[in-house]
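Working notes, beginning with the structure itself.
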Amino acid sequence: MRTRYLIGNWKTNKNLKDAVSFVEQFQQNKLNYNAKIGIAPVYVHLTEIKKIISDSLLLFAQDANFIESGSYTGTVSFTQLQDIGVNNSIIGHSERRKYYNETSAVINQKLFACLKASMQVVLCIGEALGQEISFLKTDLTNCLDTIDKSLIKNLVIAYEPLWAIGTGKTATPEVANQTIKTIREYINDLYDENVANNISILYGGSVDHNNIQKLAIMEQIDGFLVGKASLEIKNFLEMARVYA
């Protein structure tokens with residue numbers, strides 16, 4: 001059975017007080033979940049949150065540089081994340097691609113470095129409005145170039161159609177399910193059926209407590225990468241209750 005996830009990507013939101021309060025409130029909830037639940041705060045909050053976070057939550061970075069150290073102003077390396085006990089990272093989010101001009105070649109280097117270091121990585125992929133779904137195969141092929149099958153065990157994929165991120169629009173459950181099924185077929189082409197059947201593929205793009213239940217019943221969807229709706233503890237707990 002594939003591992004299920006609910007991950008909140010906080011982007012550039014929350015001050016430290018609010019971030020700590022969120023974690024404390026979540027951890028006061030003593031429910032047992034069948035899915036792995038995680039949060040991705042900003043870099044500067046990771047150390048403090050690491051001090052208080054329990055095993056009930058996974059702690060993700062929002063990005064990780066493939067350079068171990070050196071003259072690369074403004075970046076944080078995968079080794080520095082591991083040094084503070086953060087072993088999970090989102091890579092290739094569409095906002096990184098859009099605002100920081102990240103190419104699939106750069107994403108590939110980040111993936112290789114993180115996966116080789118046994119970090120868990122959520123690779124984000126998605127097509128723009130008007131792009132053919134086949135774009136996803138090209139993007140996957142480029143991002144996963146040089147990534148050996150032995151490294152894939154720590155990889156999770158998040159399908160986030162660009163037209164749905166932060167817009168309030170979401171793919172219908174049927175469309176999201178079919179697209180993720182197609183992504184599995186692409187993974188099968190790149191690796192094999194076993195990898196395709198066992199890799200967890202999440203959906204992201206305007207997921208909230210109102211629509212998560214209809215998406216969650218889809219066979220191919222193994223969880224969710226949630227943006228804005230993960231910022232409020234009440235909403236996030238409701239999504240966890242409904243899904244996880």
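For all residues, glycine too, the Cβ spot is worked out from N, Cα and C.
If you look up Swiss-Prot, you'll see ASN9, TRP10, LYS11, GLY166, SER206 marked as substrate binding site. For LYS11 (substrate binding site), applying a Cβ distance below 8 Å and a minimum sequence separation of six or more within one chain yields GLN62, GLU95, GLY227.
Residues annotated as active site, electrophile in Swiss-Prot, with sequence analysis given as evidence: HIS93. Around the Cβ of HIS93 (active site, electrophile), a 10 Å sphere holds 28 further Cβ atoms from the protein chains shown.
Under the heading active site, proton acceptor, Swiss-Prot lists GLU160. For GLU160 (active site, proton acceptor), the Cβ neighbour count at a 10 Å cut-off comes to 25, with all displayed protein chains included.
The record assigns ASN9, TRP10, LYS11, GLY166, SER206 to the substrate site; their largest pairwise CA distance measures 14 Å.
In the three-state DSSP classification, GLY166 (substrate binding site) falls within coil.
Note: the CA-CA distance between GLY166 (substrate binding site) and GLU160 (active site, proton acceptor) rounds to 11 Å. Taking the Cβ of SER206 (substrate binding site) as centre and 10 Å as the limit, one finds 20 other Cβ atoms among all the protein chains shown. The two recorded residues, ASN9 (substrate binding site) and HIS93 (active site, electrophile), have Cα atoms 10 Å apart. Of all the recorded positions in the list TRP10, GLU160, SER206, the shortest Cα-Cα distance to HIS93 (active site, electrophile) is found for GLU160.
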